[in-house]
Amino acid sequence: DQFDNLDKHTQWGIDFLEKYAKFVKERIEIEQNYAKQLRNLVKKYCPKRSPKDEEPRFTSCIAFFNILNELNDYAGQREVVAEEMGHRVYGELMRYSHDLKTERKMHLQEGRKAQQYLDMCWKQMDNSKKKFERECREAEKAQQSYERLDNDTNATKADVEKAKQQLNLRTHMADENKNEYAAQLQNFNGEQHKHYYIVIPQIYKQLQEMDERRTIKLSECYKGFADSERKVIPIISKCLEGMILAAKSVDEHRDSQLVIDCFKSGFEPPGDFPFEDYSQNIYRTISDGTISTPKQEGMRIDSKTTVGKAKGKLWLFGKKPKPQSPPLTPTSLYTSSTPNGSQYPIFSIEPVHFCMSDIKTGKPRIPSFRSLKRGYFCLQGPALEDFSHLPPEQRRKKLQQRIDELNRELQKETDQKDALIKMKDVYEKNPQMGDPVSLQPKLTETMSNMDRLRMEIHKNEAWLSEVEGKVAARSDRRHSSDINHLVTQGRESPEGSYTDDANQEVRGPPQQHAHPNEFDDEFEDDDPLPAIGHCKAIYPFDGHNEGTLAMKEGEILYIIEEDKGDGWTRARRHNGEEGYVPTSYIDVTLEKNSKGA
């Protein structure tokens, strides 16, 4: 009774078969295009030499030509794969799909014919049943009419006889329709039994066998799909082995000997030139026992030129001479130019003197020199740019999100700059591929964007440090070189931006301070932070980046600052060495009362 569902299922099977055939066809096209591109590549790099050309045959060139030949054979094997798939898999699938559609159509037509025949038998039986029912009602009416006339004393004998004849006629017709209905009912029951127990099961069995053959055919095609690739593997392996043998055949000594044999002239080296004395006929009043005495003026060497050249070359192997500092101007107070033309903010000594005077007249002590820079940059930003209108935690999140976005943009610009530099090098080596000068504007623009992003990152990190309020605790772990960088190298503390990828670390240009350690003694941090708990290292950590702390598995450390949400915890060893360790690498136990711990 599931004829319609079987109809849908068999149609789905054929559709799936055709879908796989389409997949195989697209794979064949890929193999053909791949082989074609490989052949074009080999043709492009194959040597095009005339017979008269007697260029030396270096082993490296011969090996490359052999590799091209092997690659051409490899492309031929890809064509064999495509041809095998087209003949054994795709062509077979298309032929079988056509046969399958024809067979399915035939079986479904037989099923529909059987169903139609059963419906016809049911209609005949139903018609005979209705006719028998109608004749029975008419016979009942005739009997009632006869009984009424027979009991009526006023009725004539002719009327009674007429009613009796009518009753006999209707009774006879009812008996005939009864027999016909019984025959039709018996016939329908037999056809129905035959339909559900013989005809339809036979048709369904044929459909089942057809669907199972389709499944088997798919299985064979799957295997053929793989066999087409597996048959060429030995030949492909030979091609790869040929490439390896070609690589091993390269002989640098033979190539050198070819160069020697090609350019060797065979001439003897020139001999010494004889001395020609033109002073034999000249009267010499002074004899110093030498051949000739040059004049002091001619032998005198410009001392400035010599010293200048010596200084210009000696620093490569010794100490580089310090360049003279240019005079400070209002412009040079805040910006400095790099060799590529970009600018970045710096601090000269004058803002430091200004800050020092402000410290001496106002507050007696400030946490660190970095706070001066942070305060300076915070004053430069607009009121809403630093999210100062938001609560501290919301402000910290916003600033962190902005720093992450700027870091991603900086990484994109860095990748673009590297790509442009590589492309420029390719153009310089192969001018026919493009003009390297045309890339300079884009390269300059990219580097300018990188400098702008670095300034933005530093400015936002300064604001983030202000929000965290951890400048004093962080400054005593920074070396004096941190003051000379807008963005610290390696790893920034949890208050700043951090990235695990070394290529994404934001490195700012160096500050041009005359004395970077001049104020270290005046700007020292307070006492070390107290321990708020302890931790045990679950995994070892090398701690190569600056600001991190190396640890061994099972080592016990003090916790002096919790994780701020960036995955790093600040810890201290027993010997006082501090740094940041990954939170996921340790098992933290905090003290219940951390004050005065």
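Backbone N, Cα and C define each Cβ position, glycine as well.
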Ask   = According to TrEMBL, which listed range is coiled coil: 291-325, 396-430?
value = 396-430
Note = Over the coiled coil (396-430) the mean pLDDT stands at 88
Task = Please list, for the domain 'SH3' (530-591), how many residues fall into helix, strand and coil according to DSSP.
result = 3 helix, 29 strand, 30 coil
